[in-house]
Structure formats: structure tokens, C-alpha cells
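Per TrEMBL, the features are:
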- 1-105: domain 'NADH:ubiquinone oxidoreductase chain 4 N-terminal' (DOMAIN)
- 59-78: transmembrane segment (TRANSMEM)
- 90-108: transmembrane segment (TRANSMEM)
- 108-392: domain 'NADH:quinone oxidoreductase/Mrp antiporter transmembrane' (DOMAIN)
- 114-133: transmembrane segment (TRANSMEM)
- 145-164: transmembrane segment (TRANSMEM)
- 189-210: transmembrane segment (TRANSMEM)
- 217-238: transmembrane segment (TRANSMEM)
- 253-271: transmembrane segment (TRANSMEM)
- 278-295: transmembrane segment (TRANSMEM)
- 301-324: transmembrane segment (TRANSMEM)
- 336-359: transmembrane segment (TRANSMEM)
- 379-406: transmembrane segment (TRANSMEM)
- 427-450: transmembrane segment (TRANSMEM)
Amino acid sequence: MLALILTLSSLLLLPILSTNFWTLTTIVMFMMTLFSTTLTFNPMTAFSLQSNFLMMDSLSSPLISLSIWISTLMLLASKPVHNMNNNPKLFIYTLTVLLIILTMTFSASNLLSFYIMFEASLIPTLFLILGWGYQPERLQAGMYFMLYTISASLPLLTSIMIMYTKNGQLTFYAPWFQQLHTFSSSTTWWIMTTAAFMVKMPLYSVHLWLPKAHVEAPVAGSMILAGVLLKLGSYGLLRMSMFYPYLSFKMSPIMNSISLLGGVMTSLVCLRQSDMKSLIAYSSIGHMALIIAATTQSSSWGWQAALTMMIAHGLCSSCLFSLANMTYESTKTRKIFLTKGLMSMFPALSLWWFILSAINMSAPPSLNLFSEICLIMSIFWGSSFTMIPLTLMIFLSAAYSLFLYTNNTHGTPCSYSNPFFILNSRNYSICLLHSLPLLLIMKTDILFSWL
């Protein structure tokens, strides 16, 4: 684990030592993805890689692989930053530091170090939004992003300090978690502990920062935000639910109500969006609502399905944001109604829009279908009344995915836009490399082996 982090840290030297640093960084990250994937496929990962500071198990290793893989594709998608000489070295430094922080967050074996890395990931992300965003409104988006996430994380720090005062240690995989039953029976304490994770995912009613951050962020910021940073909240919620399953199950009726009704509301909001990135951002809230509802059921089936959905949604949403950026680079607009008729001008791009829209609505044979079926079964096991919002979410998910695809690719091209062809093999490689891991539905035992 330490070797992986040190290798990633060495990427900081490439902009100094080589003029071809962009290509070399991409190649090294791709090789690191292959190395981390071998750890994911290793059945002995569960307890063979842990120390006093770092650890890797079958829950964290797929997320580390996802982080490195999305970062590699971010570099491919952000090649115009290098071509236009828009501070490419600083961009590489920011991305590498963010990747190191994410890797250390998922591999932290101590609650305090997890919290520090969890909060440290905000700084490089804010730099991406402010430094390479498109519009002046990125300042307001950055303020929303920081205020929401930092304010919600302060109760988590208080909770960690209380736990340390009572027990004297904060390491994962320790029997002291079982000694907190009396203390952890407080509903207020559970809300304090999970508030930071709920905002990060985000839960409906504390989600306003997400569409703003996505719309104003560059393509790299949107990809890492949707692909990995939202999964930090899911990862923290999974860990806490595993430590206190009874308390999570006790809170599940309230969380199910808020998350599922919020998922229905945001799905309806998607049908009224005119900005592609805003629509994709709101759709992420609906998918995260399923993870929240399934995780709080405190069943092994729900936890495993949540991890599968985290991987599937991370790849799918990241690719959708890269497709939105490709369309923007060609048409110079993100308005859905101004990008009509792409099928007649860019048939290959329209094909990828169809494939990813189908995957986003959980069409077979994608990993999204398998994970969504497992999540729905887990949630329905907790309460049969959840079938109504779940059915609405499934229907609306298909509706806004088809709305996005048909309004982008069908119809008569708008006379106000004058698209020009700038797509190349790099763009299609990004879509292909996003889509191939979604065929993990053929090998789901990898994601179901950590319990």
C-alpha cells in the first residue's frame, strides 16, 4: 500500500524532469491502475494489507482502483488544457495531489486520519473549480461547495473526539467498536457522525452545492466529483453502518423516507433541466439516494449492492460528463435544446450518447442493472411501502435518460448553433475505457467478496 502511494507521489516530479510530462503521467497512472486492480482480484486482500496507519481490504481496493482509473481518464479528457497551455503543470500537480489524498482516504486505518484526508480532498477540488472553471459564477459554486461540506464535517470531528476520549483509540478492525453500544444508542450521536457523509453523497435537502459545483467545474472537476468524491460519503457511511448496524437499522425508516422521496423529486427536476451537466448532476442525487436507503438497512446484501452501485455509477456518470464536454467543445453550448440533430452531424458521438444513456437507466447487460436490482431488493426487504417511490424512480430514470438522448441527437439542427468537428480517437477512447469496466457484471463476485 505504501509502495502505491509513493509511486503516485513520484508523479509530482514528472513536470520538472520531462517536457513530455502529460503523456508520461497518463501512462504511469494507467500502469498504477493495472497494479491496483491486481490487488482487487487478489482474494487475500481482505486482511493481508494493513498496518497501524494504512490498510486495504476488499471494500477499499475497488474504490482505489476507481480513483486511479478516473484520474487517468481525466487527463485524457483534459488534453485541451495542455494544448492551450492553460497552466498544464499546475493542473498535473493539483490532480496528482488529489489522487494521493483520495488513495490515502480509502486506505486509512484510523478514523482521525480518515477525517483529515476526507477534508483535505476539498482543497484540490476547489482549485480545479476556481482555476479551470468556465464562468465567473464558479466563485459562488466554490463557496457553496466549501460551506456545505466543512459545516457538516464539524459534528463528525466532535464525534471522533468523543470516541477517542471514551476509548483511547480510533483504529478500524478493533474490538473497541463493540464497546460503544450504550454510547452509540443516541440518535443525535448517529446524526452527528453521518452528517458529513450525507452532505458529501449528497442527501436530498443538502444537495444544493452539487449542481452548482458540477456546472461551473471543468470536465476534470466534474469527472472526479461524480466518479470518486461522492463515493467518499458512501464509503464513510458504509464503514459507520458496519460498526453500528443496529443504530443504522433503527434510523432506516427516517433515512428511507428522506432519501427516496428526495430521489423522486430530483428525478422530476431532471425532466425540467436545460443544461446537460445540471441534468447529469441531479441524476446522481437519485442514484445516491438508493445507496443511502440500502446502506441503512444494515444487511450484507444491501452493503454489497451499495459498493457495486458506487463503482457502476462512478464510471457511468464520469463518462456522461465527458460526453457533455465533447458536445460542448463541438457546439460551444451545453443547452439541450440548442444541440439538436447531433445524429446527422456526429453519428459516432450519438452512438455513445445512446449507450451511456441506456447504461444510466440500468439497461442490460451493464453493472448498473445488477446493482440496482440488488439495491431495490434490499430496500424492499426493509419495508414494502418503499415500492411506490422505487417504482417512480425507475420510471423517471428512464424518462430523463431518454429525454437527454433524444433532445441531444434527434430533430432538426438548431440554426443558432454552428457545430464543427473536433472529435478524434482520444474522445472515443475515453468513452470506451469508461464502458468496458461496466461489463464487470460477468464477474460480480469481486465486488461481493468483502463481507
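Glycine residues also receive a Cβ, built from the backbone N, Cα and C atoms like all the rest.
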Listed stretches 114-133, 217-238, 301-324 vs the transmembrane segment (145-164), most Cβ pairs under 8 Å: range 114-133
Confidence over the domain 'NADH:ubiquinone oxidoreductase chain 4 N-terminal' (1-105), expressed as mean pLDDT on the 0 to 100 scale, is 84
The correct DSSP tally for the domain 'NADH:ubiquinone oxidoreductase chain 4 N-terminal' (1-105) reads 82 helix, 5 strand, 18 coil
Exercise. When only pairs 6 or more apart in sequence are counted, do the transmembrane segment (278-295) and the transmembrane segment (59-78) reach 3 or more Cβ pairs under 8 Å?
Worked result: no
Do the transmembrane segment (59-78) and the transmembrane segment (217-238) share at least 3 Cβ pairs closer than 8 Å, excluding pairs fewer than 6 residues apart in sequence?
yes
In the same chain, residues at least 6 away from the ends of the transmembrane segment (379-406) whose Cβ sits under 8 Å of its Cβ atoms read 252-253, 256, 260-261, 263-264, 267-268, 270-271, 276, 279-280, 283, 286, 289-290, 293-294, 297, 299, 301-302, 336, 353-354, 357-358, 360-362, 372
Q.
Pairs 6 or more apart in sequence, C-beta under 8 angstroms, 3 or more of them: is that satisfied by the transmembrane segment (217-238) and the transmembrane segment (301-324)?
A. yes
Per the Cβ under 8 Å criterion, with at least 6 residues separating them from its ends, the transmembrane segment (253-271) contacts 203-205, 207, 279, 282-283, 285-286, 288-290, 292-293, 296, 379, 382-383, 386, 389-390, 392-393, 396-397, 399-400, 403
